[in-house]
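The next block holds one structure in the form of structure tokens; read it before the comments.
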Amino acid sequence: LMLQDVHAACIVQDVCPENTMVQAEIVDVHNDFRRAVDPSAADMLMMTYSEELAEHAQAWVNNCTMKHGPPSARMIDGYEVGENLFFSPSPTSWKSVINAWYDEKSHYVYPNGSRDGTRINHYTQLIWNSSYRVGCGLNLCNSTYFYDCRYYRAGNFKRWPPYKLGKPCASCPNNCVDNLCTNHCPYINKYINCPKLKNTTGCSNELVSAWCPASCNCSSEIIPIY
């Protein structure tokens, strides 16, 4: 890896998240893992790179706190975003970083969670179906390289599996690219029980319509849990 005399975000050009080739690598590795989940996913959204998320991630690693940001530091449009962190004593490729998160899969059993109590949150965020945007930051903090990827929408909701079991793209047959769905819902429900409210009360109810715009407006799109 070639060292560059640049600002903290791009100490090492080959892993600099402002480098468009690095951004493509980050997205490609995420999508490769997402389309290949086992068991297969019916509703896995394709990820794209987000400069907004990258700016948030970079601002956080620049603080060198070496830990997850509090919810107040991980908000976009009033909603908390997901986050995966990695620490390394030397420059590490983003592919290797994402692979390290993915390696938690050996401890995961769909849909129940960890088979042995080992942490699997990095893996489940990586393959959470409704996380369709990712942006990352990197900084050298003393002698440690601090990596951060942030995700919109956030994953890792308790008592929810990371995706719907089924044939790839079964939930998006008309919006499928290489076994990944491309039809995310642009609206966000305010409550987890919105699907039930839609069925029991109906979207003609003003409160349901206001609380549950995703459920009420997205009949075929992939809707995030919350």
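The backbone N, Cα and C atoms fix where each Cβ goes, and this holds for glycine too.
A TrEMBL annotation is a machine prediction, not a hand-curated record.
Residues or ranges marked as disulfide bond by TrEMBL: Cys194-Cys212 (among others). Sequence-distant neighbours of Cys194 (disulfide bond) (same chain, 6+ apart, CB under 8 A from its CB) are Val208, Trp211, Cys212, Ala214, Ser215.
In the shown protein chains, 20 other C-beta atoms lie within 10 A of the C-beta of Cys216 (disulfide bond). Annotation source TrEMBL lists disulfide bond at Cys203-Cys216 (among others).
The annotation domain 'ShKT' is assigned in TrEMBL to 185-218. Across the domain 'ShKT' (185-218), DSSP helix (H, G, I), strand (E, B) and coil residues number 18 helix, 0 strand, 16 coil.
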Cβ-Cβ neighbours of Cys212 (disulfide bond) (radius 10 Å): 25
For the domain 'ShKT' (185-218), distant same-chain residues with Cβ under 8 A (at least six beyond the ends): 79, 153, 157, 224-226
Residues that sit under 8 angstroms from Cys203 (disulfide bond) by C-beta distance, when 6+ apart in the chain: Ser209, Cys212, Ser215, Cys216
